[in-house]
Amino acid sequence: MDLSKTFDPQHPLVLVGCGRMGGAMARGWLERGLAPEAFVAIDPAGEPDFAPDARHFSSIDEMPRDLAPAAVILAVKPYMVGQAVEQLAHLAEKDPLVISVAAGIQLASLAAVFESSVRVMPNTPAAIGKGMMVAVAANAVSQAKKALASDLMAAAGDVLWVDDESMMDAVTGVSGSGPAYIFALTEAMAAAGVVHGLPHDVASQLARQTIIGAAHLMEQSPHMTASELREQVTSPGGTTAAALDILRGEEGFGPLLEKAIGAATRRSQDLAK
């Protein structure tokens, strides 16, 4: 993906919100050839350190009204999206691609102003380019603009498109909130190690590196399922099998995660109301 010819100073890429998620995406775009003069950053916190040569404005109202952005990325808190859309409404006739990465913001609220709207559910590993970016597009979005959206989101990780927006609540439950489940598992493994006699620092290091190593192993084994990888390290009657008998029991991982993801999914539905 080369963004060097996709945007220009009069038809720039505009990022509204330069926090952790927005900043991570911007760094990826600049690494992929986006020219600083074709990039506009809007954030009240001041000029972002990742793009000192880009144009920066403290608010949307400061942006020159004669600009015709090719794409606008909304990377602000959900409660700020409505105001941002209202302030950007004068761009609607220029039909920019508008992408929101704010949780719970429905396509309808974006598409009511901008026909070419895309809703994206990212997760926090996007901050290091290892995110899962799940996207759904409004009906009016052209294939060319979907391709552009894919290119922009790929700067933060893998991109997956869904056709039904109602799936986004479950997406939030699985991948949007998912990193926190892994961190909680790491905490629990370390705590259990302490209970069974390990010093806290040793247990923490073992748990942390085990999670990191297993994730890398899965990444390096694209043709193997998680089940197959699990079976590879499980000998009948061995220590791993004894542990998995507990984890795969009636009150184990499966039922527990089903409840947890269900709770996150329902909360996502509530936030959208």
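Note: Cβ is positioned from N, Cα and C throughout, glycine not excepted.
All annotation found in TrEMBL is predicted automatically rather than curated by experts.
Fair warning: this is a prediction, and the values are worked out from it, not measured in the lab.
Per TrEMBL, these features apply:
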type	residues	note
BINDING	Ala75, Val76, Lys77, Pro78	NADP(+) binding site
DOMAIN	15-104	domain 'Pyrroline-5-carboxylate reductase catalytic N-terminal'
DOMAIN	165-271	domain 'Pyrroline-5-carboxylate reductase dimerisation'
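A Cβ within 8 Å of the Cβ centre of Ala75, Val76, Lys77, Pro78, the residues given for NADP(+), is found for these other residues of the same chain: Gly17, Leu74, Tyr79, Met80, Val81, Ala84, Val101, Ala102. Other C-beta atoms found within 10 angstroms of the C-beta of Ala75 (NADP(+) binding site) number 27, with every protein chain shown included. Summed and averaged per residue, pLDDT over the domain 'Pyrroline-5-carboxylate reductase dimerisation' (165-271) gives 95. Local packing around the Cβ, expressed as the count of other Cβ atoms within 10 angstroms, is greatest for Val76 among the binding-site residues Val76, Lys77, Pro78. Pro78 (NADP(+) binding site) falls within a helical segment according to DSSP.
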